[in-house]
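*Asks:* According to TrEMBL, the protein has these features:
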REGION    B:1-22  region 'Disordered'
DOMAIN    B:51-269  domain 'CobQ/CobB/MinD/ParA nucleotide binding'
BINDING   B:Lys57, B:Gly58, B:Gly59, B:Val60, B:Gly61, B:Lys62, B:Thr63, B:Thr64  ATP binding site
Amino acid sequence: MASIWTLHVGATSFLPVRSLSDGHQSRSEFGLDSKFSNCSNWNRRAAYRTLVVKALDSDGGDRPLQNDVVVVRKLEEDNVKKPQQNIVAKLPETIGSLPVFVYSTGKLSGTNLAIGLCIVATMLVIVVRGYATRKSSENRAGSVADLVRRGQVRSDRRGISTPLKYEDPFNNPMVKVSKSNSTVEMCGKVYRLAPVVLTDELQTVHQKRRSRAYQWKRPTIFLKEGESVPPDVDPDTVRWIPANHPFATTSSDIDEDLAQNNVRQKHGVPFRIKAEHEALQKKLEALQNDQKLSKLVIDPGAARDFERPMKSNNLKSETQVDQSTSNPAISDQVSKPPPEETINP
Amino acid sequence: MISLQTIAKPSPIHFRPKKPFKRPPKTLTPIHSLLQYNRKPQLSGETPRVVVITSGKGGVGKTTTTANIGLSLARLGFSAVAIDADVGLRNLDLLLGLENRVNYTVVEVLNGDCRLDQALVRDKRWSNFELLCISKPRSKLPLGFGGKALIWLVEALKNREEGAPDFILIDCPAGIDAGFITAITPANEAVLVTTPDITSLRDADRVTGLLECDGIRDIKMIVNRVRTDMIKGEDMMSVLDVQEMLGLPLLGVIPEDTEVIRSTNRGYPLVLNKPPALAGLAFEQAAWRLVEQDSMKAVMMEEEPKKRGFFSFFGG
């Protein structure tokens, strides 16, 4: 029976009677209105109370056992455990006892499911879209970003400027002019504006002053210092260029007409390249013709030009050897080193 | 830097009224953009416009101006060819980041080693911009027909199959030597780059005189490396002072900007920077005025302290 009693006690500890009271406390702690909780749960609390009373009355014959030592101790132990169990039980019970949740769990389960599905679908769409954009940005081969990634374009020299948008009126945010046009704010600094007072008369006055001060004729001919002035040239229009001028020279290897044609040339091979190519072609042809005509004739002079210097030295040494063999006395003198005594008397 | 002038109206947006008999059609007020970024600039003058960018003194920013204005023109939708006529000391290819792509120059074209189209280096960022170098650093330009060669080049560009470029910008070398004479030969108009200091101004005045003697009347100036803080402290001549001394219409005023050095070293012109730098904005506006043959009507003078809002105390 004691076990049954303990069971009952344990059951009562988890029964909503206690929990309701605790819940009421916790709600008041959370700042909820006590009136609200009292009114809404009044019927349920009464029902639970009658249930507990009935349960206790059912084992009324065992009441004397309540005074047993074991039972009392068990009760004390249970009383010690109760607050701990209450802490765990407090939150779900509190939530479950809230009228909103009671209502929603009963009637809105279908709506909740739909909302949940919507949230999951949205999340899925966001993730898929992000993944797709990342994929597409990675796949854009040849773009500037791709070139930078591959190290072919320096990132700090990329085109960071955007084209100006015309026919799209906008005020430059960096520049603000005051309503009275007396000040202007540029890049966060305010400047005073002053009107320009230069008139056309003043400009002509300055022009006249300069025309009096500076008499100048543009030089039309450049001559190196020391050269004689051509007879039909005004000496004032001659510009004398020193022979050691760092970047200007009066001499050029092409004539004026040719240079002009070179500038005007729009298509085809440039003149100099073409000329060099043609010259090489002619030389090659000439060489080939010479070889055909005089295949068997060897020009010793030309052959000597193509000889390598080492070879000529060897030839010389060979001739010397030949000569030395023909005249052994001289060769001995040449080949043998002179005695030390003769060198250092 | 700002041109205060009548603003061309952008295409107005018309709303269709619900009740046409009661209400007249409502029109939106045009956006008053003084910088005129709301429309494409109208190209004026005969094309190709041959512009020489010159200055007497060296180091004032001729090459930087050429690179930035050239690429600005390309961004604005005009085709441009930049000719680096600085024979001995060419640098335009470096500023544009095209130094590795220059295989042929005008000297090779004249000698017949290559055609003109092979010597033109097309920019990959803006394909309507091309670079042409006169010569390689260690080669010598034959001056017997130096000036004439540039005239032939301009004619050849005019008659090429793709169509004539809208602009031919010639980067002139410093000084008034043979290189200068060669560079100004084919030009119809000139952009004079100067800084607000007396050495540069004297040279600029002399060069302007020479250009006028040569028959180039359309001369505009760009005042470069302007520091408004120094002008305020009266340590630097103001832009209006410079204009008073030279008597030339202003094409642009370029403020001193550290971004210029950075862009030069990167080989990436300033006007392509995003977000734009102050000097880049100024170059863009100068290019705008060049297209329309316009000049500045107002200049930025000095920096004013920015008015703080009510919530600025709280970081607003």
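Every residue, even glycine, has its Cβ placed from backbone N, Cα and C.
In TrEMBL, annotation is done automatically, which means it is predicted and not curated.
Help me picture where these features are in the structure shown.
*Replies:* Secondary structure at B:Thr63 (ATP binding site), taken from DSSP and collapsed to helix, strand or coil, is helix. Non-local contacts of B:Thr63 (ATP binding site) by the CB criterion (under 8 A, 6+ apart in sequence, same chain) comprise B:Asp84, B:Asp86, B:Asn91, B:Leu92, B:Leu95, B:Asp171.
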*Asks:* Let me make sure I understand the structure: which of the binding-site residues listed (B:Lys57, B:Lys62) has the fewest other Cβ atoms within 10 A of its Cβ?
*Replies:* B:Lys57
*Asks:* What is the set of residues, excluding B:Lys57, B:Gly58, B:Gly59, B:Val60, B:Gly61, B:Lys62, B:Thr63, B:Thr64, whose C-beta falls within 8 angstroms of the centroid of the C-beta atoms at the ATP site?
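*Replies:* Once B:Lys57, B:Gly58, B:Gly59, B:Val60, B:Gly61, B:Lys62, B:Thr63, B:Thr64 are set aside, the remaining close residues are B:Ser55, B:Thr65, B:Ala174, B:Val193, B:Asn224.
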*Asks:* Can you work out the mean pLDDT of the predicted model over the domain 'CobQ/CobB/MinD/ParA nucleotide binding' (B:51-269)?
*Replies:* 90
*Asks:* Starting from the Cβ of B:Gly58 (ATP binding site), draw a 10 Å sphere and report how many other Cβ atoms land inside it.
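*Replies:* The answer is 13.
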*Asks:* Would you count the other C-beta atoms found within 10 angstroms of the C-beta of B:Val60 (ATP binding site) for me?
*Replies:* 25
